[in-house]
Amino acid sequence: MPLYKYTAKDLDSKKISGKLEAASEKELASFLFSKEQYLIRCRDVTEEETQNYKMKLKELSDFSRQIGTMLGSGVSLIRAVSILVQRERKPKLKQIYTNLYRMLQQGKTLSMAMSEQKAAFPELMINMYRSGESSGQMEKVAMTMAVQYEKDYRIQTKLRNAMIYPIILGITTILVIIAVFVKIIPQFTQLFNGMQLPLVTVIIQGLSDFMVHYWYWMLIVVLCVIAAVSSLLRMERVRYAVDKKKLTLWKIGELMQTIYTARFARTLCSLYSSGVTILHALTIVRSTIGNTYIASQFDQVISIVKNGGALSQAIQSMDGFDSKLASSIFVGEESGKLDAMLTSLADEFDYEAEMATQRMISFMEPAMIVVLALFVLLVMLAVLLPIYQMYQNPTGLK
């Protein structure tokens, strides 16, 4: 049903605004009347609510799995989409499926209907369904997409779950540091008043005073830094430099290369095995790789392949992928089983990405604990040194 944004009045002439689903404006007015409210104006905001909605990995997987299952059971495509509309409970997804159903009724293909909702459906999925329509393998394509997005979802979930403890530890560390500077250090200020203090104590006291009396300046600086970084990352040249640097960072660079290699292998395999030409597949992969530095090298790869060069030769000239990728593709080309080799590669690198993430996190956790311990040691020195000095020399005042 359409979603309406409305303004109404109650019996006390108080204006009420909100959003409601209704079959029509008349039905909306009747419903509000039953609540002793009188409709003043309303407008259909269904399209506005969905035009910028990006479907999540789990939603993409569920969509493709249901389409593939129903097509495999002999249900027509248009009927399958209508069933999705009836079953869906989330308003935004329901509207996306409704839009697909309406366009299918108008005689458009599923890929055409999806391309008119590009914010919701990724380019990879649109092109995969387009190839399925051309080859008559819609069921196979749908199930392939379901498997791919399910794997992507599982990897994403594992990465997020793995980061929970380091994030909690990091937040705890920051809160402890703030508490020490704001609550504990100021209590020693009066005790040390008039003493000749060690440099470490002077620095800690100065930072504490600044945080207590000028905390708003620190907040402003932090917000300005965040805004500046966000603005810089929107610039193409800066994003390119950052994406390039990611690949060379200690520990992180190895992980990022593994993730990009797995993504490249799985996406190319899905497209190639569905009948998409290798040149077209490379063009699509470029837009899904997620790294501007690597994506910028695809023009050269496409040019080499277009001029008759082997894909393995072209990939070997790229920077940013695991070195194993080119040699594995070469074996696949020689054996005539490129799609099978790409599938095997993607599974292998997905596993390696998971292991690399675990290794990085296992390094981060003790590193953060060491940082916290060093901070505590520094604060203890700042407090204990003046106390020791005071007991050693009770008259050692300024």
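Heads up, the Cβ atoms here are built off N, Cα and C, so glycines get one too.
Here the structure is a predicted model, which means the values were calculated and not measured.
According to TrEMBL, the protein has these features:
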DOMAIN    63-186  domain 'Type II secretion system protein GspF'
TRANSMEM  163-185  transmembrane segment
TRANSMEM  214-235  transmembrane segment
DOMAIN    264-386  domain 'Type II secretion system protein GspF'
TRANSMEM  367-388  transmembrane segment
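The helix, strand and coil residue counts that DSSP assigns across the domain 'Type II secretion system protein GspF' (63-186) are 104 helix, 0 strand, 20 coil.
Taking DSSP states H, G and I as helix and E and B as strand, the domain 'Type II secretion system protein GspF' (264-386) has 101 helix, 0 strand, 22 coil.
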